[in-house]
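Visitor: Okay, here's the structure, questions in a sec.
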Amino acid sequence: MSTKPPTRLAVDEKGYGRARSRSPSPSRRKKAHKSKRQEDGTLSKGHSDSGEQTLKEKSKDNDIFLLPSSDYQILGVLTVIALCVRLFKIYQPSSVVFDEVHFGGFATKYIKGKFFMDVHPPLAKLLITLAGWLAGFDGSFDFKEIGKDYLAPGVPYVAMRMLPAVLGILVVPIIFLTLKAAGNSTATASLGAGLVIFENGLITQSRLILLDSPLVTFTALTALAWTSFLNIHEQGPSKAFGANWWFWLAMTGLGLGATVSVKWVGLFTIAWVGSLTVLQLWLLLGDTKNVTPRLWFKHFLARVFCLIVIPLGFYMLMFAIHFLCLVNPGDGDGFMSSEFQATLNSKGMRSVPADVAFGSRISMRHHNTQGGYLHSHNHMYPTGSKQQQITLYPHKDENNQWLLENETNPDTGIEGYDTITPPNLVFDGATVKLYHISTDRRLHSHDVRPPVTEEEWQNEVSAYGYKGFEGDANDLYRVEIVKHLSDGPEAKKRLRTIQTKFKLVHVMTGCVLFSHKVKLPDWGFEQQEVTCAKGATLPNSVWYIENNEHPQLKEGAELVNYKNPGFFGKFWELQKVMWRTNAGLVESHAWDSRPPSWPVLRRGINFWGKDHRQIYLIGNPIIWWSSTAAVAIYLAFKAFAVLRWQRGYADYSFTNFRRFDFEVGVAVLGWGFHYFPFYLMERQLFLHHYFPALYFAIIALCQVFDFTTARIGALGLNRRPAIGWTIATIFLGLSIAAFTLYAPLAYGNPWTKAQCNRVKLFEDWDWDCNTFHNSLSEYDNVVAAPSGVLASTPAPVVTQNSQGSEGEPGAPNTTPLAEELRDAHQIPGAGVPERQRVVAQEERIEYRDQDGNILDEEQVKALEGKVEFHTRYETRTRLLDEAGREVPAESSRVAGPLVDGANPETPKVGPVEGGLPPRVDAETESDADAERGRAEASPASDGLHETQ
């Protein structure tokens with residue numbers, strides 16, 4: 001009687017396996033049995049791999065609420081250390097840094113309620129705004145450029161920076177608890193927390209008004225909740241649907257919603273959790289012994305609700321708050337449709353007649369490029385025909401008004417249309433002329449190249465004629481209704497306000513009225529170009545009528561208005577605009593980098609530079625390289641394990657082998673989901689995009705450490721916990737040493753050229769060591785304090801205001817923070833020659849006109865109520881000898897004023913369109929430093945795109 005070879009099953013920690021139809025050789029079977037016996041003998045008591053101990057280990061509850069009190073004490077100490085590291089000199093620098101230009105500016109717009117468009121969801125920006133508002137920020141500061149001073153205008157920038165800083169601090173206890181929830185030792189959890197504390201890149205990002213600290217925090221919260229849920233799930237079906245089970249599953253969904261509401265990078269976190277959820281459901285489906293079909297569907301629906309409905313609901317709630325805050329028109333409404341814009345204050349439109357007739361006064365909008373108005377003004381093209389300009393203008397204006405004429409006018413002229421009863425409606429195929437009401441010229445085109453787009457297939461469009469001139473053949477256009485874009489059967493037959501989408505075909509040349517995203521130069525006021533294109537693409541050649549007035553279409557006439565899109569319509573439209581804008585960020589940036597360089601820390605980002613100090617985003621090389629090595633170790637392990645599994649080895653019968661594969665694999669999967677998708681993106685990318693992936697890489701590093709020191713018995717380290725603590729302490733000490741070496745770049749602290757060059761390991765680490773002084777003592781040779789702290793001299797600038805508004809000059813900043821900074825920065829006598837000392841501080845107010853001329857009291861009094869005053873702060877240092885004589889600064893060894901308090905020239909204020917005076921804000925840097933700052937540090941484009 002023959003016997004079949006025994007079936008061989010390789011089982012992982014979840015119970016799934018693959019049957020092998022061949023029996024291993026006797027030698028291999030003997031080797032596997034020996035290996036298993038050796039592992040069983042070397043395991044510690046808490047990690048035994050035999051019989052009942054295995055079942056007990058698999059059901060071990062790593063509940064983070066049931067940790068020993070010593071763990072909570074260690075957690076508290078680590079959190080306090082993180083607080084000190086993150087908040088150290090958080091007031092430094094006292095000027096705008098990198099993308100604070102964008103995200104601080106968004107806070108201003110939230111407070112003023114001005115609609116803006118950003119490629120990121122609103123949660124983190126709302127939180128930053130809330131922090132600023134609670135600290136008294138009124139939205140008067142515009143954050144418009146890197147290096148702009150915070151102190152003089154009294155911006156509560158420290159409170160706004162505290163929000164990302166506090167969230168950055170929270171990552172420390174979160175990673176500690178996550179590692180404990182995964183079953184790691186306290187030494188491993190402490191190591192992970194310590195690595196997060198002293199990671200230079202995470203420190204730099206969390207101390208500024210930026211989004212990456214909230215992003216990493218909510219990603220970490222999601223990982224904690226999911227790990228805790230896995231802990232309960234692995235205890236068996238009996239634990240399902242309990243209170244803790246529901247709590248951690250719902251918290252995972254809430255974390256996913258918060259993460260994706262900060263940045264769309266949260267979609268990668270959703271993909272990570274989603275893939276593991278699919279694996280869970282697949283394994284539950286195969287557990288026919290414990291999971292019935294009815295129970296499986298209960299698992300499925302619970303996950304749908306918690307991991308889809310809750311995140312989506314939270315995400316939409318953030319946009320609902322976003323819309324409630326932004327009710328006024330702003331820089332971003334030009335990105336949105338006319339229906340969307342009509343929901344903003346003062347952008348709404350009264351209902352107007354639906355039918356369009358000859359003689360109607362109309363305004364036309366472009367259907368595609370953010371719906372600008374067909375516009376003309378009394379300015380000529382500098383080249384080409386040199387006739388009057390035709391542009392696309394995004395705002396309502398009287399120069400958008402046109403009168404719709406027939407091919408031939410009544411005998412009484414264009415005024416005769418008002419008396420025709422009933423008025424003649426405009427049908428598809430009608431030939432029309434457009435008369436510009438404010439300049440008495442008609443829309444015109446001819447075979448002349450446009451001034452900007454000088455292509456053969458483009459003709460210039462101009463306004464031509466004069467009052468009383470009946471026009472010529474080049475003024476004629478044929479109406480062609482685009483039926484599939486028009487709303488309703490009547491709108492497909494004749495022109496109807498809003499509902500009909502149509503093209504205007506030039507009768508003489510056959511070209512089509514066209515506009516695209518090309519801006520005219522300064523002579524065209526940077527408005528959008530309008531041309532007549534031959535073979536124009538449909539979206540850019542479609543127009544519709546928004547406003548319609550006619551004396552014969554009033555009483556009883558059918559009225560129309562924009563449909564209110566409602567919340568869901570606005571929400572979906574904004575998502576599409578964000579997606580298109582995000583995908584369009586393809587221009588290069590001075591400090592962008594590509595994904596292959598991130599894991600090896602090839603290049604950072606220059607955030608800020610001033611006063612011989614610099615903030616440069618660079619990671620801790622010890623932490624980055626070791627975490628990348630841990631990922632590489634796991635990938636090599638996995639490849640080797642798959643090969644051995646295919647060859648029939650029984651490695652997966654060992655608990656530690658399975659647990660290493662699963663636990664480290666979950667972390668590496670999170671790293672991969674947050675890293676590899678960036679290879680598919682052509683948009684601008686920066687080092688900070690790697691931070692979520694870095695977090696998972698640190699977890700993987702800690703888990704590799706834990707298995708090495710606390711679980712694998714072959715090395716014998718699991719029987720000596722002190723060795724694990726020692727190794728963790730040594731490694732953490734090396735990380736702290738590296739942190740200390742690069743800390744000046746994170747905090748903007750004094751540094752020397754020699755110290756800088758000593759730690760600059762690669763040419764790609766392109767911060768400028770020449771920025772720093774030769775010795776630290778040179779930083780002490782400063783008598784003046786930061787701008788607005790000591791000798792703030794308000795110098796209001798007077799500009800003409802046609803509206804007669806009046807402002808008051810501001811007062812110097814005397815907040816407690818300013819006092820603290822004064823004490824910190826003022827070093828009396830440092831570098832001052834003998835017999836010279838600082839004896840007094842002086843404040844005075846000067847009134848200057850737009851040319852910088854000083855005005856006397858009578859002139860100021862005469863201008864009261866007629867002009868607008870803007871405050872400018874300047875700091876000056878005067879040196880006096882003992883006799884009270886002023887000593888020129890050049891003759892002393894005292895450094896001049898801090899760059900923050902330099903004395904720039906008062907810029908000449910020129911007139912602006914609309915009669916509103918330009919605002920002259922406080923300058924905070926010298927011309928040379930400003931030029932260098934623009935060259936060296938510029939905000940990333942992924943924070944703001946409102947360029948139309």
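The backbone N, Cα and C atoms fix where each Cβ goes, glycine too.
Because TrEMBL annotations are produced automatically, they should be read as predictions rather than curated entries.
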Visitor: Among 245-264, 505-524, find the range that TrEMBL records as transmembrane segment.
Guide: 245-264
Visitor: Can you identify, from 78-95, 186-203, the stretch that TrEMBL calls transmembrane segment?
Guide: 186-203
Visitor: Sequence gap of 6 or more, Cβ distance under 8 Å, 3 or more pairs: do the transmembrane segment (664-681) and the transmembrane segment (270-288) meet that?
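Guide: Yes; at least 3 Cβ pairs under 8 Å.
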Visitor: Return the stretch with the most CB pairs under 8 A relative to the transmembrane segment (270-288), choosing among 119-137, 157-179, 186-203, 300-324.
Guide: 300-324
Visitor: Verify whether three or more Cβ pairs under 8 angstroms connect the transmembrane segment (119-137) with the transmembrane segment (245-264), leaving out any pair fewer than 6 apart in sequence.
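Guide: Result for the transmembrane segment (245-264) with the transmembrane segment (119-137) is yes.
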Visitor: Pairs of Cβ atoms less than 8 Å apart decide it: which stretch in 157-179, 215-233, 300-324 has the most with the transmembrane segment (186-203)?
Guide: 157-179
Visitor: Is the transmembrane segment (693-710) packed against any residues at least 6 beyond its ends, judged by a Cβ distance under 8 Å, and which are they?
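Guide: Cβ under 8 Å, 6 or more out: 44, 47, 171, 175, 178-179, 182, 184-185, 187-189, 191-192, 195-196, 199, 201-202, 216, 219-220, 223, 598-599, 619, 623-624, 626-631, 633-634, 656, 659-660, 663-664, 667-668, 670-671, 674-675, 717-718, 721, 723-724, 727-728, 731.
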Visitor: Any residues 6+ beyond the ends of the transmembrane segment (119-137) with a Cβ under 8 Å from its own?
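Guide: Apart from its flanks, the transmembrane segment (119-137) reaches 103-104, 106-107, 110-111, 155-156, 158-160, 162-164, 209, 211, 214-215, 258, 260-264, 315, 318-319, 321-322, 325, 578, 581-582, 585, 942-943, 945.
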Visitor: Restricting to the same chain and to residues at least six past its boundaries, which positions have a Cβ under 8 Å from a Cβ of the transmembrane segment (157-179)?
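Guide: Distant contacts of the transmembrane segment (157-179): 64, 74-75, 78-79, 82-83, 86-87, 90-91, 94, 100, 104, 107, 127-128, 130-132, 134-135, 137, 150, 188-190, 192-193, 196-197, 202-203, 205-211, 213-214, 216-217, 220-221, 223-224, 227, 695, 698-699, 702-703, 706, 817.
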Visitor: What residues elsewhere in the chain lie close to the transmembrane segment (215-233), defined as a C-beta under 8 angstroms and at least 6 residues from its ends?
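Guide: Result: 61-64, 124, 167-168, 170-171, 174-175, 177-178, 181-183, 202, 205, 239-240, 242, 244-245, 248-249, 251-252, 254-256, 258-259, 262-263, 265-266, 269, 273, 276, 280, 666, 670, 674, 691-692, 695-696, 699.
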Visitor: Give the nonlocal contacts of the transmembrane segment (622-643) in its own chain as ranges (CB under 8 Å, at least six residues past its ends).
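Guide: Same-chain residues near the transmembrane segment (622-643) but 6 or more away: 195, 198-199, 201, 599-601, 651-652, 657, 660-661, 664-665, 668, 671, 694, 697-698, 700-701, 704, 731, 734-735, 737-738.
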Visitor: Going by DSSP assignments with H, G and I as helix and E and B as strand, what are the residue counts for the domain 'MIR' (492-548)?
Guide: 7 helix, 27 strand, 23 coil
